[in-house]
Ligand SMILES: O=c1[nH]c(=O)c2[nH]c(=O)[nH]c2[nH]1
């Protein structure tokens with residue numbers, strides 16, 4: 001007999017734009033986000049017995065996201081994701097968990113003639129602010145906040161040497177290399193009792209995002225990097241110290257390689273080692289280095 005061992009469904013890629021118009025100043029502020037809602041609960045019969053009576057239509061989920069966007073603040077995203085996920089577990093008795101992911105895209109205010117423009121914005125990069133909230137009946141709300149898609153590069157200040165060397169190894173020790181990665185940095189909050197607990201934490205969410213972003217950028221730039229592994233661990237350590245309400249910090253960093261090009265075959269042109277100036281950026285394969293760091297004495301293990 002087959003057995004349904006896990007079931008979750010919902011609406012992905014719900015795109016929402018919300019504008020706030022300040023009547024007094026005529027300054028407008030915009031938020032654009034992409035939302036995913038996935039529900040769990042007593043929905044097995046919809047899969048096993050064609051019982052649609054337990055299905056909240058994914059179209060209804062989309063409508064709900066629009067309506068809640070109108071009725072509530074959409075920032076900080078930690079609050080909005082908690083509002084949406086709590087809505088689903090409190091509105092439908094048979095829905096016991098709601099996973100809500102909110103990806104906020106950048107619309108940065110333009111500066112025109114040295115002044116912030118009241119209603120014009122530009123997309124300054126593919127970086128997004130991501131939040132995943134899971135409201136689970138009787139178990140509160142768990143939230144992971146993240147920075148994703150932040151592309152960074154340093155042209156020196158990074159080395160990689162003294163790694164395992166055996167008959168499979170061809171990579172030379174490098175004492176000065178280019179380091180580039182697309183940052184995916186997440187921080188998981190101590191579990192919230194419920195929506196009121198999230199509401200009382202609102203001022204901390206933007207502060208944590210700012211701290212994580214500043215620490216990531218500053219450490220990337222200033223660390224004399226021995227490896228991606230060591231540099232990312234230093235970032236985690238500082239974020240844990242800066243944000244006490246966070247239980248764990250995680251990074252996933254692709255190592256975007258830039259290879260030297262030997263041009264000596266062309267009239268003895270010197271372009272390797274200390275003479276290297278022109279490099280070949282690589283798309284693949286790439287290293288992928290990940291870690292999660294928690295506080296000492298915490299029970300969670302890697
Ligand atoms: O920082 C690095 N970590 C590695 O594990 C690794 N492996 C590799 O080939 N280059 C690098 N660089």
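Cβ atoms here come from the backbone N, Cα and C positions, even for glycine.
Those TrEMBL annotations? Automatic predictions, nothing curated.
Worth saying up front: this structure is predicted, and the values here are computed from it rather than measured.
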>> Of the residues 130, 255, 271, only one is listed by TrEMBL in the urate site with 58, 59, 160, 177, 228, 229. Which is it?
In response: 255
> If you draw a 10 Å sphere around the Cβ of residue 229 (urate binding site), how many other Cβ atoms fall inside it, taking every protein chain shown into account?
Replying inline: 15
> So which of the recorded positions 11, 59, 177, 257 sit close to ligand 1, that is, with a CB under 6 Å from an atom of it?
Replying inline: none
>> Spatially, which candidate from the active-site residues 11, 58, 257 is nearest to residue 229 (urate binding site), comparing Cα atoms?
In response: 257
>> Under 8 Å between C-beta atoms and at least six apart in sequence, can you list the same-chain neighbours of residue 257 (active site, charge relay system), or say none if there are none?
In response: 281, 282, 286, 287
> How big is the Cα-to-Cα gap, in Å, between residue 177 (urate binding site) and residue 11 (active site, charge relay system)?
Replying inline: 44
